[in-house]
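Q: Marked as transmembrane segment by TrEMBL: A:12-31, A:43-63, A:84-106, A:118-137, A:144-161, A:181-204, A:216-236, A:266-284, A:296-316, A:328-350.
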Amino acid sequence: MNDKLSHFHVTILIYITQTGAVIITLPRLLAEHFGTNGWLSLLFVYMVVSVNLLLITAVYRLGKGKSIFEIMERSISKIILYPFYLAIASLWAMLGCLAAKQYVLIFQMIAFPTTNPMIFKLLIDILAFILIIKNVYKIAKAATVFFWMIVWMILLLFYFYGDFEWSRLTPFVFQDSAITLNSFFSIYLAFLGYEVCLLLFPYVDKRTKLMKAVQISNLMLTFTYVYLSIIAYGFYGYKHLKTLEYPLLNMFAYIQFPFVQGTENLLFGFLLFSIIITIVMYWWGAKEISVQILPLKGRVLAFIILFISFCISYIPKSINDTERWLSILGYAEIGLSFGLPIGLILLLLIQRMRGEAR
Amino acid sequence: MRFFKRIMKTIFMKTIVSAASAQKAKVKPEIPTLTHILSEFNDCVDLVHRYYPEVNVHLVYFDHQVDHDKLYREVMNPLIHVHAEEEVPKLLEQSQFTLVRDSKELVEGILSGRVAIFSNSKTYLVDVFGLQSRSVSQSESETVITGPHDAFTEQAGINLSLIRQRIKSSHLKVIKLSVGEVTKTDVYILYIKDIANMTYVNEAIRRISNIEIDAVFDTNMLLQFIDDAPFSIFPQFLTSERPEAIASKLVAGRIVGIVDGSPSALSAPTSFFEYFSSSDDYNQRWMLGSASRLLRFLALFITLSFTSLYVSVTTFHYEMIPENLLITLTESRSKVPFPPLFEALFMEVTIELLREAGARLPSKIGQTIGIVGGIVIGQAAVQAGLTSNILIIAVASSAIASFVTPAYVMSASIRFLRFGLIILAGVWGNFGLAVGISAIVIHLSGLTSLGSSYLTPIAPFKPRDWKDVFIIAPFKYITERPSQSKSPNTVKNKMRK
């Protein structure tokens, strides 16, 4: 397949990858960590992500679109690189796996308390496997369709306009909170997913305008988060928000139509369309990296990765365990999303000085 | 050692290949003789062998494949007026008689309705083909309210003329291929030069030429040999019985295939959304056409989700039903002893049985089946406590919605998928429904038609096509051919807006 990803496809793919199950807890996280008008912190995080994207842009430009593996393997011995590859592959495989597990556990909690969540997890893994064994172009096509199938849900926020009150937002900013670095990290996790664009270099050309597309998706995501958070703040007020475990689910439950009410499990079901792409992109990334170590067929590698992650996903039993694991791995991912581009830039500069980068 | 083996293999392969090609070169065409032809068609009672002793001419042909008037006019009458054997060669010099030097060619000629003429040591063929076929009539499966009503017949020649009648252009090209080692069915590939993309034309020719099967009888059978994904439930070539629909595909830059003996023509590349358009849409005011098309997409949603949502809600998610409706639903379901999954599957299978019976029976009996099924079984099933009233409504709406899809093959695929979604909803509720829909989307995103994305214009994202896919803009605003056809000549409308 010689198809290159289009600008629009990359924008949607990254947007959907970034959108995960965190969205249902985000308003509470903002209220907990940033207090009044906590949604403003999203703008700060947006700017930090944009800076990170600029670093990735520098890698793309300095490397002239070369794959990151090509850049690294030009200067670093494979003996050093293989453990590094293995670490990233494991990290991404685990992130994908835990994101799926978190979604499944929440679904089990709201609708199927007596069912074994690993059955749901297995179903999601099978779906993901079918998608991973296709090329990234087809994953992007599926992401585009899924995007159209969930984007309309933003319109549901109009439903809350009647009960929205500006006074609940208060004129104060970040009151009643102790802002720490950890607060920013916990919000930053909601933006992760953009870093997989590092692996898209070989699948794009100049017309794709890769980094512009990623910046647009980050902007779209910020808009979605800010809009949702403002509505949640104006609907519940920040004090009430702190007490809600999953504010978005509560908001869904509030929506009533003449023929249907209590739509939270139906609408949460639709979130699967977004989550499936998030986990697929992490697993696809893990597969792409693993190919560098084990030159096996894509299908075999994908199966191995999914099988191992499925076995590991048995360990965290509760939502709390899963969220704790996700936070720890998320922090590692934040480190990787900054560290890897910086390392690559340094490597490219050294290669340029040595006259290797031709 | 491995290297040595490879060298030896290469040398031997080359020797075998060169020996085979040399042998092929040595094969000379067999000279046709009357004895050979008569022995070839031994035991064929419909073969006619006529002899004119005055002029020493033999005629061999299949009685039911020739037009007798034409045979008399072109062959018999001129032969009657020849008085001496020496005059025959002069007569056979006329352009309608083709000299044949290969026995195989002669056999194929006779099989395709030509008359073989043996005179002295020479053999000629003359085309007097005149197969009896039904006349052009209305399509049974693709009816329209406005617009032309003629439909293709089983004869490729008539079908070609119906298209030529609509596209009077020398750029409309027709390529003839033959499929089926026994049936030798004629397959015609049509395209408009400078509008169609030659990559698609060549790809279609390549795929059809690669078919190695004994028999092909219909277009729908042929396209299963050339599908991109043979295991998919979705059709990857659009078929139609309507000449104007097929002509419009040609003008849109797509390629068309006609199979002799089939009343349907195929068109490619196609997309999932193309199956929801009908010729009727273009013959109405654009707003009404757009509304009809949007209604069909709504029908797609209803077909797939209504019954499965009923099963999901009544099995796992009662909290989704508003209070007023809940009382009615509970009352209705209180007598039903089965879980909603079995209840729904029972009704859906009954509906499918009725549909199948209606399709197989003559139309008058078919109507009776409809009444028996619709009123008797539906009403009786509720009274007997086998199903609930609301399920009957869900199943009926879903069945009616499935028939809204103009393309029967797509409608059948969607109906089949509905069963999968019902089972998933019955086992895992809304989660199962979401998994089922995701699986369908993932499958669709991997599909192609002649190598082109099946989800065009959603993915790849081509918003300029939307005005002729999801709605129909006023014709003035549809200025370009669909991007999927990758036409070298994209502009189709030069009118000023």
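Counting begins at 1 with the first residue displayed.
Cβ coordinates are placed from backbone N, Cα and C, and glycine is handled just like the others.
Annotations in TrEMBL come from automatic prediction, not curation.
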Q: The transmembrane segment (A:328-350) vs the transmembrane segment (A:43-63): three or more C-beta pairs under 8 Å (separation of 6 or more)?
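A: They are in contact.
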Q: Check the transmembrane segment (A:118-137) against the transmembrane segment (A:84-106) for contact, please; criterion is three or more CB pairs under 8 Å, pairs 6 or more apart in sequence.
A: yes
Q: Under a Cβ pair cut-off of under 8 Å, which of the recorded stretches A:12-31, A:43-63, A:144-161 contacts the transmembrane segment (A:84-106) most often?
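A: Out of the listed stretches, A:12-31 contacts the transmembrane segment (A:84-106) most.
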Q: Under 8 Å, at least three CB pairs between the transmembrane segment (A:43-63) and the transmembrane segment (A:216-236) (pairs 6 or more apart)?
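A: Yes; at least 3 Cβ pairs under 8 Å.
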Q: Do any residues, 6 or more residues outside the transmembrane segment (A:266-284), come within under 8 Å Cβ-to-Cβ of it, and if so which ones?
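A: For the transmembrane segment (A:266-284), the nonlocal Cβ contacts are 13, 16-21, 23-24, 92-93, 95-97, 99-100, 103, 106-107, 110, 124, 127-128, 131-132, 136, 139, 142-143, 146, 149-150, 153, 156, 193, 196, 199, 249, 252, 255, 260, 302, 305-306, 309.
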